[in-house]
Amino acid sequence: MYASREDIGYDFGDDSKVRSKPIKPNPNIDGGWAWMIVLSSFLVHILIMGSQMALGILNMEWLEEFNQSRGLTAWVSSLSMGITLIVGPFIGLFISMCGCRTTAIIGGILNALGWILSAYTSNVHYLFLTFGVTAGIGSGMVYLPAVVMVGQYFQKRRALAQGLSTTGTGFGAFLMTALLKYLCTEFGWRNAMFIQGAISLNLCVCGALMRPLSPKDLREKYVVRSDSEENRPKALSHSTETIKSNGVLGEEPEKKEEAANEEVLGSVQHVEIGGKSASGRSMYGLRLFKTVSQLTVTVRKGFALWYSSYFGAASLFTNRVFVAFIIWALFAYSSFVIPFIHLPEIVKQYNLSRQDNVFPLTSIIAIVHIFGKVILGIISDLPCISTWNVFLMANFTLVTCILTLPLMQTYIGLAVVCALIGFSSGYFSLMPVVTEDLVGTKHLANAYGIIICANGISALFGPPFAGWIYDITEKYDFSFYIAGLLYMVGIIFLLIQPCIQKKQPREKSTEEAQV
(Lines of atoms letter the chains of each structure in order from A and count residues from 1; the text may use other names and numbers.)
(Lines give C-alpha, C1' and ligand atoms only; values in the text may rest on other atoms or scores of the structure.)
Protein backbone atom coordinates (compact mmCIF):
# COMPACT_ATOMS: atom_id res chain seq x y z
CA MET A 1 0.00 0.00 0.00
CA TYR A 2 1.05 3.59 -0.52
CA ALA A 3 0.12 4.48 3.00
CA SER A 4 1.48 3.25 6.27
CA ARG A 5 -0.39 2.62 9.53
CA GLU A 6 0.16 6.27 10.39
CA ASP A 7 -1.25 7.43 7.05
CA ILE A 8 -4.37 5.25 6.92
CA GLY A 9 -5.76 2.81 9.42
CA TYR A 10 -6.13 -0.87 8.68
CA ASP A 11 -8.93 -1.83 11.06
CA PHE A 12 -11.95 0.14 9.97
CA GLY A 13 -14.36 -1.79 12.17
CA ASP A 14 -18.02 -2.60 11.49
CA ASP A 15 -19.78 0.08 9.46
CA SER A 16 -23.10 -0.65 11.14
CA LYS A 17 -21.63 -0.01 14.57
CA VAL A 18 -19.96 3.18 13.44
CA ARG A 19 -23.11 4.57 11.83
CA SER A 20 -25.13 3.98 14.96
CA LYS A 21 -23.05 6.54 16.82
CA PRO A 22 -23.22 10.28 16.13
CA ILE A 23 -20.03 11.32 14.37
CA LYS A 24 -18.47 14.69 14.98
CA PRO A 25 -17.14 16.13 11.69
CA ASN A 26 -13.38 16.13 11.56
CA PRO A 27 -12.05 19.65 10.86
CA ASN A 28 -9.08 18.20 8.97
CA ILE A 29 -11.29 16.47 6.37
CA ASP A 30 -12.20 18.96 3.60
CA GLY A 31 -10.76 21.78 5.72
CA GLY A 32 -8.14 22.84 8.23
CA TRP A 33 -4.82 21.12 7.56
CA ALA A 34 -6.26 19.66 4.33
CA TRP A 35 -5.56 22.97 2.62
CA MET A 36 -1.94 22.82 3.75
CA ILE A 37 -1.78 19.43 2.03
CA VAL A 38 -3.13 21.09 -1.13
CA LEU A 39 -0.45 23.79 -0.83
CA SER A 40 2.25 21.15 -0.37
CA SER A 41 1.03 19.18 -3.39
CA PHE A 42 0.80 22.41 -5.41
CA LEU A 43 4.46 23.22 -4.72
CA VAL A 44 5.49 19.64 -5.51
CA HIS A 45 3.82 19.90 -8.91
CA ILE A 46 5.62 23.19 -9.56
CA LEU A 47 9.05 21.85 -8.66
CA ILE A 48 8.72 18.40 -10.26
CA MET A 49 6.15 18.31 -13.05
CA GLY A 50 6.65 21.97 -13.95
CA SER A 51 10.40 21.50 -14.25
CA GLN A 52 9.94 18.44 -16.43
CA MET A 53 7.56 20.31 -18.72
CA ALA A 54 10.31 22.93 -19.23
CA LEU A 55 12.99 20.42 -20.24
CA GLY A 56 12.63 21.44 -23.88
CA ILE A 57 14.91 24.40 -23.06
CA LEU A 58 17.64 22.12 -21.72
CA ASN A 59 17.09 19.65 -24.55
CA MET A 60 18.19 22.28 -27.08
CA GLU A 61 21.27 23.06 -24.96
CA TRP A 62 22.18 19.36 -24.80
CA LEU A 63 21.82 19.02 -28.58
CA GLU A 64 24.32 21.84 -29.11
CA GLU A 65 26.69 20.74 -26.33
CA PHE A 66 26.98 17.00 -27.05
CA ASN A 67 26.13 17.00 -30.79
CA GLN A 68 24.11 13.77 -30.60
CA SER A 69 21.01 12.72 -32.52
CA ARG A 70 17.61 14.03 -31.47
CA GLY A 71 16.38 10.54 -30.66
CA LEU A 72 19.30 9.84 -28.30
CA THR A 73 19.23 13.23 -26.61
CA ALA A 74 15.48 13.04 -26.02
CA TRP A 75 16.09 9.97 -23.84
CA VAL A 76 17.43 12.24 -21.07
CA SER A 77 14.13 14.07 -20.68
CA SER A 78 11.98 11.00 -21.25
CA LEU A 79 13.93 8.97 -18.67
CA SER A 80 13.34 11.63 -16.04
CA MET A 81 9.63 11.93 -16.86
CA GLY A 82 9.10 8.21 -17.32
CA ILE A 83 10.94 6.99 -14.23
CA THR A 84 9.13 9.56 -12.09
CA LEU A 85 5.89 7.77 -12.92
CA ILE A 86 7.10 4.20 -13.52
CA VAL A 87 8.49 3.79 -10.00
CA GLY A 88 5.02 4.47 -8.59
CA PRO A 89 4.12 0.89 -7.59
CA PHE A 90 7.56 0.28 -6.11
CA ILE A 91 7.52 3.47 -4.05
CA GLY A 92 4.63 1.79 -2.25
CA LEU A 93 7.14 -0.32 -0.34
CA PHE A 94 8.79 2.80 1.08
CA ILE A 95 5.46 4.39 1.97
CA SER A 96 4.21 1.18 3.63
CA MET A 97 7.28 1.13 5.86
CA CYS A 98 8.14 4.82 6.33
CA GLY A 99 4.97 6.77 5.56
CA CYS A 100 4.32 9.52 3.01
CA ARG A 101 6.20 12.24 4.91
CA THR A 102 9.53 10.41 5.25
CA THR A 103 9.37 9.08 1.70
CA ALA A 104 8.80 12.58 0.28
CA ILE A 105 11.70 14.09 2.25
CA ILE A 106 14.12 11.38 1.07
CA GLY A 107 12.86 11.86 -2.48
CA GLY A 108 13.47 15.61 -2.30
CA ILE A 109 17.10 15.06 -1.34
CA LEU A 110 17.56 12.52 -4.14
CA ASN A 111 15.96 14.80 -6.72
CA ALA A 112 18.19 17.74 -5.79
CA LEU A 113 21.25 15.46 -5.92
CA GLY A 114 20.33 14.39 -9.46
CA TRP A 115 20.10 17.99 -10.69
CA ILE A 116 23.41 18.96 -9.06
CA LEU A 117 25.35 15.94 -10.35
CA SER A 118 24.01 16.57 -13.86
CA ALA A 119 25.82 19.93 -13.90
CA TYR A 120 29.16 18.08 -13.99
CA THR A 121 28.44 15.45 -16.68
CA SER A 122 30.78 15.20 -19.67
CA ASN A 123 28.45 13.44 -22.12
CA VAL A 124 24.81 12.63 -22.69
CA HIS A 125 25.18 9.06 -21.40
CA TYR A 126 26.09 10.32 -17.92
CA LEU A 127 22.94 12.43 -18.01
CA PHE A 128 20.96 9.21 -18.38
CA LEU A 129 22.20 8.12 -14.95
CA THR A 130 22.38 11.42 -13.05
CA PHE A 131 19.33 13.24 -14.37
CA GLY A 132 17.21 10.49 -15.90
CA VAL A 133 17.55 7.84 -13.17
CA THR A 134 18.61 9.65 -9.98
CA ALA A 135 16.44 12.75 -10.32
CA GLY A 136 13.64 10.63 -11.78
CA ILE A 137 13.48 8.25 -8.80
CA GLY A 138 13.64 11.18 -6.39
CA SER A 139 10.77 12.89 -8.21
CA GLY A 140 8.68 9.74 -8.01
CA MET A 141 9.27 9.47 -4.26
CA VAL A 142 7.82 12.96 -3.78
CA TYR A 143 5.11 13.00 -6.45
CA LEU A 144 3.13 9.95 -5.32
CA PRO A 145 2.77 10.97 -1.67
CA ALA A 146 1.69 14.45 -2.80
CA VAL A 147 -1.17 13.03 -4.88
CA VAL A 148 -2.24 10.36 -2.40
CA MET A 149 -2.31 12.71 0.60
CA VAL A 150 -4.76 15.05 -1.15
CA GLY A 151 -7.06 12.10 -1.80
CA GLN A 152 -6.92 11.12 1.86
CA TYR A 153 -7.70 14.59 3.23
CA PHE A 154 -10.65 15.41 0.95
CA GLN A 155 -14.07 13.84 0.49
CA LYS A 156 -16.73 16.31 -0.70
CA ARG A 157 -14.44 18.46 -2.85
CA ARG A 158 -11.93 15.91 -4.07
CA ALA A 159 -12.02 16.94 -7.73
CA LEU A 160 -11.60 20.62 -6.85
CA ALA A 161 -8.77 19.88 -4.41
CA GLN A 162 -6.94 17.70 -6.93
CA GLY A 163 -7.52 20.35 -9.57
CA LEU A 164 -6.07 23.12 -7.42
CA SER A 165 -3.05 21.08 -6.38
CA THR A 166 -2.23 19.87 -9.88
CA THR A 167 -2.43 23.38 -11.33
CA GLY A 168 1.11 23.57 -10.02
CA THR A 169 2.12 21.74 -13.19
CA GLY A 170 0.88 24.63 -15.31
CA PHE A 171 2.34 27.31 -13.05
CA GLY A 172 5.58 25.36 -12.87
CA ALA A 173 5.85 24.91 -16.63
CA PHE A 174 5.35 28.65 -17.12
CA LEU A 175 7.72 29.73 -14.33
CA MET A 176 10.40 27.10 -14.94
CA THR A 177 10.48 27.76 -18.69
CA ALA A 178 11.19 31.44 -18.04
CA LEU A 179 13.62 30.64 -15.22
CA LEU A 180 15.63 28.04 -17.17
CA LYS A 181 15.75 30.33 -20.21
CA TYR A 182 17.15 33.14 -18.07
CA LEU A 183 19.61 30.94 -16.18
CA CYS A 184 20.89 29.27 -19.36
CA THR A 185 21.39 32.66 -21.02
CA GLU A 186 23.12 34.29 -18.05
CA PHE A 187 25.04 31.41 -16.47
CA GLY A 188 25.03 28.51 -18.95
CA TRP A 189 23.07 25.26 -18.72
CA ARG A 190 25.45 23.63 -16.21
CA ASN A 191 25.11 26.39 -13.61
CA ALA A 192 21.39 26.52 -14.37
CA MET A 193 21.03 22.85 -13.38
CA PHE A 194 23.09 23.44 -10.22
CA ILE A 195 20.83 26.32 -9.18
CA GLN A 196 17.75 24.26 -9.99
CA GLY A 197 19.10 21.50 -7.75
CA ALA A 198 19.34 23.95 -4.86
CA ILE A 199 15.77 25.09 -5.49
CA SER A 200 14.61 21.45 -5.52
CA LEU A 201 15.64 21.06 -1.87
CA ASN A 202 12.38 22.83 -1.07
CA LEU A 203 10.73 19.49 -1.83
CA CYS A 204 11.87 18.39 1.62
CA VAL A 205 9.82 21.21 3.13
CA CYS A 206 6.80 20.08 1.10
CA GLY A 207 7.28 16.57 2.43
CA ALA A 208 7.43 17.82 6.01
CA LEU A 209 3.96 19.37 5.56
CA MET A 210 2.44 15.95 4.76
CA ARG A 211 1.11 15.24 8.23
CA PRO A 212 -0.52 11.79 8.25
CA LEU A 213 -4.13 11.28 9.24
CA SER A 214 -4.82 9.18 12.31
CA PRO A 215 -6.76 5.91 11.84
CA LYS A 216 -9.73 7.50 13.64
CA ASP A 217 -9.76 10.46 11.25
CA LEU A 218 -9.70 8.22 8.20
CA ARG A 219 -12.38 5.92 9.63
CA GLU A 220 -14.69 8.92 9.93
CA LYS A 221 -13.92 9.84 6.35
CA TYR A 222 -14.94 6.41 5.12
CA VAL A 223 -18.25 6.61 6.98
CA VAL A 224 -19.01 10.02 5.47
CA ARG A 225 -18.04 8.72 2.06
CA SER A 226 -20.33 5.69 2.33
CA ASP A 227 -23.27 7.92 3.32
CA SER A 228 -22.67 10.29 0.42
CA GLU A 229 -22.42 7.44 -2.06
CA GLU A 230 -25.91 6.25 -1.02
CA ASN A 231 -27.34 9.67 -1.88
CA ARG A 232 -25.42 10.22 -5.08
CA PRO A 233 -23.92 7.08 -6.63
CA LYS A 234 -21.09 7.47 -9.10
CA ALA A 235 -21.33 6.35 -12.71
CA LEU A 236 -18.69 3.74 -12.20
CA SER A 237 -19.62 2.49 -8.74
CA HIS A 238 -20.25 -0.99 -10.12
CA SER A 239 -16.53 -1.33 -10.73
CA THR A 240 -15.84 -0.53 -7.09
CA GLU A 241 -18.22 -3.26 -6.01
CA THR A 242 -16.43 -5.66 -8.35
CA ILE A 243 -13.17 -5.10 -6.53
CA LYS A 244 -14.80 -5.34 -3.12
CA SER A 245 -16.50 -8.62 -4.04
CA ASN A 246 -13.18 -10.11 -5.02
CA GLY A 247 -11.98 -9.55 -1.47
CA VAL A 248 -9.34 -7.34 0.12
CA LEU A 249 -6.72 -8.00 2.69
CA GLY A 250 -8.65 -9.96 5.29
CA GLU A 251 -8.89 -8.68 8.81
CA GLU A 252 -8.40 -12.11 10.38
CA PRO A 253 -4.99 -12.85 8.82
CA GLU A 254 -3.96 -9.29 9.62
CA LYS A 255 -4.98 -9.63 13.25
CA LYS A 256 -3.18 -12.95 13.50
CA GLU A 257 -0.07 -11.38 12.05
CA GLU A 258 -0.27 -8.46 14.47
CA ALA A 259 -0.71 -10.89 17.38
CA ALA A 260 2.35 -12.84 16.26
CA ASN A 261 4.37 -9.63 15.91
CA GLU A 262 3.33 -8.45 19.38
CA GLU A 263 4.26 -11.84 20.79
CA VAL A 264 7.75 -11.62 19.28
CA LEU A 265 8.30 -8.07 20.50
CA GLY A 266 6.83 -8.94 23.90
CA SER A 267 9.30 -11.76 24.34
CA VAL A 268 12.10 -9.39 23.47
CA GLN A 269 10.88 -6.91 26.07
CA HIS A 270 10.68 -9.73 28.65
CA VAL A 271 14.25 -10.70 27.93
CA GLU A 272 15.21 -7.04 28.16
CA ILE A 273 13.72 -6.76 31.66
CA GLY A 274 15.65 -9.83 32.73
CA GLY A 275 18.78 -8.34 31.25
CA LYS A 276 18.48 -5.27 33.42
CA SER A 277 19.02 -7.38 36.53
CA ALA A 278 21.82 -9.35 34.92
CA SER A 279 24.13 -6.68 33.63
CA GLY A 280 24.00 -3.23 32.06
CA ARG A 281 26.35 -4.35 29.29
CA SER A 282 23.80 -6.72 27.76
CA MET A 283 21.16 -4.00 27.62
CA TYR A 284 22.68 -2.46 24.49
CA GLY A 285 22.58 -5.79 22.68
CA LEU A 286 18.99 -6.44 23.73
CA ARG A 287 17.85 -3.01 22.59
CA LEU A 288 19.62 -3.48 19.27
CA PHE A 289 17.93 -6.85 18.88
CA LYS A 290 14.56 -5.27 19.68
CA THR A 291 15.10 -2.54 17.09
CA VAL A 292 16.10 -5.06 14.42
CA SER A 293 13.04 -7.18 15.28
CA GLN A 294 10.71 -4.21 14.95
CA LEU A 295 12.29 -3.23 11.64
CA THR A 296 11.97 -6.79 10.35
CA VAL A 297 8.30 -6.91 11.32
CA THR A 298 7.66 -3.57 9.59
CA VAL A 299 9.43 -4.65 6.39
CA ARG A 300 7.61 -8.00 6.30
CA LYS A 301 4.24 -6.40 6.85
CA GLY A 302 4.86 -3.66 4.28
CA PHE A 303 5.98 -6.16 1.65
CA ALA A 304 3.01 -8.44 2.40
CA LEU A 305 0.57 -5.56 1.91
CA TRP A 306 2.30 -4.44 -1.27
CA TYR A 307 2.50 -7.94 -2.76
CA SER A 308 -1.07 -8.86 -1.84
CA SER A 309 -2.43 -5.66 -3.36
CA TYR A 310 -0.81 -6.22 -6.73
CA PHE A 311 -0.50 -9.98 -7.07
CA GLY A 312 -2.80 -11.51 -4.44
CA ALA A 313 -6.39 -12.67 -4.60
CA ALA A 314 -7.59 -9.08 -4.35
CA SER A 315 -5.55 -7.98 -7.35
CA LEU A 316 -6.76 -4.80 -9.00
CA PHE A 317 -6.30 -6.44 -12.39
CA THR A 318 -9.53 -8.40 -11.92
CA ASN A 319 -11.42 -5.18 -12.71
CA ARG A 320 -11.82 -5.05 -16.51
CA VAL A 321 -12.60 -1.34 -16.64
CA PHE A 322 -9.48 -0.65 -14.61
CA VAL A 323 -7.42 -2.77 -17.05
CA ALA A 324 -8.87 -0.72 -19.93
CA PHE A 325 -7.87 2.40 -17.99
CA ILE A 326 -4.30 1.08 -17.82
CA ILE A 327 -4.24 0.46 -21.60
CA TRP A 328 -5.45 4.01 -22.16
CA ALA A 329 -2.69 5.36 -19.90
CA LEU A 330 -0.05 3.48 -21.91
CA PHE A 331 -0.86 5.58 -24.98
CA ALA A 332 -2.21 8.86 -23.61
CA TYR A 333 0.60 10.63 -21.77
CA SER A 334 3.13 10.65 -24.60
CA SER A 335 0.76 12.80 -26.68
CA PHE A 336 0.96 15.46 -23.96
CA VAL A 337 4.71 15.19 -23.36
CA ILE A 338 5.94 15.25 -26.98
CA PRO A 339 4.92 18.90 -27.63
CA PHE A 340 6.76 20.13 -24.51
CA ILE A 341 10.00 18.45 -25.55
CA HIS A 342 9.99 19.15 -29.29
CA LEU A 343 7.94 22.36 -29.72
CA PRO A 344 10.95 24.68 -29.14
CA GLU A 345 12.76 23.05 -32.06
CA ILE A 346 9.61 23.00 -34.24
CA VAL A 347 9.27 26.75 -33.69
CA LYS A 348 12.89 27.18 -34.73
CA GLN A 349 12.33 25.20 -37.94
CA TYR A 350 9.28 27.31 -38.86
CA ASN A 351 11.30 30.52 -38.30
CA LEU A 352 8.93 31.62 -35.55
CA SER A 353 11.58 32.13 -32.88
CA ARG A 354 10.95 35.88 -32.64
CA GLN A 355 7.25 35.45 -31.78
CA ASP A 356 7.98 32.47 -29.55
CA ASN A 357 10.52 34.45 -27.54
CA VAL A 358 7.83 37.01 -26.75
CA PHE A 359 5.36 34.37 -25.59
CA PRO A 360 6.53 30.73 -25.85
CA LEU A 361 4.03 28.15 -27.06
CA THR A 362 4.84 25.87 -24.14
CA SER A 363 3.93 28.73 -21.80
CA ILE A 364 0.56 29.03 -23.54
CA ILE A 365 -0.06 25.33 -22.87
CA ALA A 366 1.01 25.79 -19.26
CA ILE A 367 -1.17 28.83 -18.52
CA VAL A 368 -4.33 27.45 -20.12
CA HIS A 369 -3.58 24.10 -18.45
CA ILE A 370 -4.07 25.82 -15.10
CA PHE A 371 -7.56 27.03 -15.98
CA GLY A 372 -8.41 23.69 -17.58
CA LYS A 373 -7.70 21.77 -14.38
CA VAL A 374 -9.67 24.12 -12.16
CA ILE A 375 -12.66 24.47 -14.50
CA LEU A 376 -12.89 20.75 -15.26
CA GLY A 377 -12.58 20.02 -11.54
CA ILE A 378 -15.45 22.41 -10.71
CA ILE A 379 -17.64 21.01 -13.49
CA SER A 380 -17.00 17.43 -12.33
CA ASP A 381 -18.07 18.27 -8.78
CA LEU A 382 -21.53 19.38 -9.95
CA PRO A 383 -24.24 16.88 -8.89
CA CYS A 384 -25.74 16.63 -12.38
CA ILE A 385 -22.43 16.04 -14.16
CA SER A 386 -20.63 12.71 -14.56
CA THR A 387 -16.89 12.88 -13.93
CA TRP A 388 -16.41 10.01 -16.37
CA ASN A 389 -18.15 11.90 -19.22
CA VAL A 390 -16.10 15.05 -18.59
CA PHE A 391 -12.96 12.90 -18.60
CA LEU A 392 -13.85 11.32 -21.97
CA MET A 393 -14.79 14.63 -23.63
CA ALA A 394 -11.48 16.19 -22.58
CA ASN A 395 -9.63 13.20 -24.03
CA PHE A 396 -11.42 13.50 -27.36
CA THR A 397 -10.54 17.20 -27.55
CA LEU A 398 -6.89 16.54 -26.76
CA VAL A 399 -6.43 13.78 -29.35
CA THR A 400 -8.05 16.02 -31.98
CA CYS A 401 -5.56 18.79 -31.19
CA ILE A 402 -2.60 16.40 -31.40
CA LEU A 403 -3.69 15.26 -34.87
CA THR A 404 -4.27 18.87 -35.98
CA LEU A 405 -1.05 20.43 -34.69
CA PRO A 406 1.21 19.37 -37.65
CA LEU A 407 -1.17 21.16 -40.04
CA MET A 408 -0.47 24.53 -38.42
CA GLN A 409 2.41 26.50 -39.91
CA THR A 410 1.80 29.95 -38.39
CA TYR A 411 2.32 31.17 -34.85
CA ILE A 412 -1.37 32.08 -34.42
CA GLY A 413 -2.49 28.63 -35.55
CA LEU A 414 0.00 26.88 -33.29
CA ALA A 415 -1.00 29.13 -30.38
CA VAL A 416 -4.69 28.25 -30.75
CA VAL A 417 -3.98 24.51 -30.88
CA CYS A 418 -1.61 24.78 -27.92
CA ALA A 419 -4.27 26.61 -25.92
CA LEU A 420 -6.76 23.80 -26.63
CA ILE A 421 -4.12 21.22 -25.67
CA GLY A 422 -3.56 23.04 -22.39
CA PHE A 423 -7.25 23.24 -21.52
CA SER A 424 -8.21 19.69 -22.50
CA SER A 425 -5.19 18.23 -20.70
CA GLY A 426 -6.76 19.58 -17.53
CA TYR A 427 -8.35 16.12 -17.25
CA PHE A 428 -5.20 15.11 -15.35
CA SER A 429 -6.85 16.55 -12.24
CA LEU A 430 -9.71 14.08 -12.72
CA MET A 431 -7.51 10.99 -12.94
CA PRO A 432 -7.30 10.37 -9.16
CA VAL A 433 -11.07 10.89 -8.89
CA VAL A 434 -11.84 8.50 -11.76
CA THR A 435 -9.40 5.97 -10.32
CA GLU A 436 -11.04 6.18 -6.90
CA ASP A 437 -14.47 5.68 -8.47
CA LEU A 438 -13.16 2.56 -10.19
CA VAL A 439 -11.48 0.81 -7.25
CA GLY A 440 -12.54 2.60 -4.08
CA THR A 441 -10.65 4.80 -1.63
CA LYS A 442 -8.95 1.88 0.09
CA HIS A 443 -7.20 0.85 -3.14
CA LEU A 444 -6.58 4.37 -4.44
CA ALA A 445 -2.86 4.51 -3.68
CA ASN A 446 -2.01 1.21 -5.37
CA ALA A 447 -4.37 1.75 -8.29
CA TYR A 448 -3.14 5.27 -8.98
CA GLY A 449 0.42 3.99 -8.72
CA ILE A 450 -0.32 1.52 -11.52
CA ILE A 451 -1.95 4.22 -13.67
CA ILE A 452 0.92 6.66 -13.40
CA CYS A 453 3.32 3.78 -13.99
CA ALA A 454 1.58 3.20 -17.31
CA ASN A 455 1.78 6.95 -17.97
CA GLY A 456 5.48 6.75 -17.19
CA ILE A 457 6.02 4.05 -19.80
CA SER A 458 4.21 6.28 -22.29
CA ALA A 459 6.38 9.27 -21.36
CA LEU A 460 9.51 7.14 -21.49
CA PHE A 461 9.13 6.08 -25.11
CA GLY A 462 7.16 9.01 -26.54
CA PRO A 463 9.80 11.76 -26.96
CA PRO A 464 12.59 9.42 -28.18
CA PHE A 465 10.15 7.91 -30.67
CA ALA A 466 9.26 11.37 -31.98
CA GLY A 467 12.97 12.23 -32.28
CA TRP A 468 13.68 8.93 -34.03
CA ILE A 469 10.89 9.60 -36.57
CA TYR A 470 12.39 13.04 -37.19
CA ASP A 471 15.85 11.57 -37.77
CA ILE A 472 14.32 9.38 -40.50
CA THR A 473 11.84 11.75 -42.15
CA GLU A 474 13.33 15.12 -41.10
CA LYS A 475 9.78 16.15 -40.11
CA TYR A 476 7.81 15.94 -36.86
CA ASP A 477 4.45 15.49 -38.63
CA PHE A 478 4.39 11.69 -38.55
CA SER A 479 5.37 11.71 -34.88
CA PHE A 480 2.17 13.55 -33.96
CA TYR A 481 0.01 11.50 -36.32
CA ILE A 482 1.19 8.17 -34.91
CA ALA A 483 0.97 9.39 -31.31
CA GLY A 484 -2.57 10.66 -31.94
CA LEU A 485 -3.72 7.37 -33.50
CA LEU A 486 -2.32 5.35 -30.59
CA TYR A 487 -4.05 7.74 -28.21
CA MET A 488 -7.34 7.12 -30.03
CA VAL A 489 -6.89 3.37 -29.56
CA GLY A 490 -6.63 3.91 -25.80
CA ILE A 491 -9.84 5.99 -25.78
CA ILE A 492 -11.68 3.25 -27.69
CA PHE A 493 -10.71 0.79 -24.94
CA LEU A 494 -12.25 3.15 -22.37
CA LEU A 495 -15.49 3.24 -24.35
CA ILE A 496 -15.77 -0.51 -24.96
CA GLN A 497 -15.11 -1.94 -21.49
CA PRO A 498 -17.89 -0.11 -19.56
CA CYS A 499 -20.40 -1.38 -22.14
CA ILE A 500 -19.17 -4.97 -21.67
CA GLN A 501 -19.24 -4.50 -17.88
CA LYS A 502 -22.90 -3.41 -18.01
CA LYS A 503 -23.91 -6.12 -20.46
CA GLN A 504 -22.65 -9.06 -18.39
CA PRO A 505 -25.13 -8.67 -15.45
CA ARG A 506 -28.02 -8.47 -17.93
CA GLU A 507 -26.97 -11.72 -19.59
CA LYS A 508 -26.65 -13.37 -16.18
CA SER A 509 -30.12 -12.27 -15.09
CA THR A 510 -31.59 -13.60 -18.36
CA GLU A 511 -30.04 -17.00 -17.76
CA GLU A 512 -31.41 -17.08 -14.18
CA ALA A 513 -34.90 -16.21 -15.44
CA GLN A 514 -34.78 -19.09 -17.92
CA VAL A 515 -33.77 -21.51 -15.17
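The chain as shown is numbered from 1 upward.
Backbone N, Cα and C define each Cβ position, glycine as well.
Listed in TrEMBL for this protein:
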- 33-55: transmembrane segment (TRANSMEM)
- 37-502: domain 'Major facilitator superfamily (MFS) profile' (DOMAIN)
- 75-95: transmembrane segment (TRANSMEM)
- 102-120: transmembrane segment (TRANSMEM)
- 126-148: transmembrane segment (TRANSMEM)
- 160-180: transmembrane segment (TRANSMEM)
- 192-210: transmembrane segment (TRANSMEM)
- 321-341: transmembrane segment (TRANSMEM)
- 361-379: transmembrane segment (TRANSMEM)
- 386-405: transmembrane segment (TRANSMEM)
- 411-434: transmembrane segment (TRANSMEM)
- 446-466: transmembrane segment (TRANSMEM)
- 478-496: transmembrane segment (TRANSMEM)
(Q) I'm a bit unsure how to read this: which one of 33-55, 75-95, 160-180, 411-434, 478-496 has the highest number of Cβ pairs shorter than 8 Å with the transmembrane segment (126-148)? (A) 75-95
**Q.** For the domain 'Major facilitator superfamily (MFS) profile' (37-502), the mean pLDDT of the predicted model
**A.** 78
Q | Feature contact check the transmembrane segment (321-341) with the transmembrane segment (75-95), CB under 8 Å, 3 or more pairs | A | yes
(Q) What residues elsewhere in the chain lie close to the transmembrane segment (361-379), defined as a C-beta under 8 angstroms and at least 6 residues from its ends? (A) 50, 53-54, 56, 159-160, 162-164, 166-167, 169-174, 177-178, 339-340, 343-344, 347, 385, 390, 394, 411, 414-415, 418-430
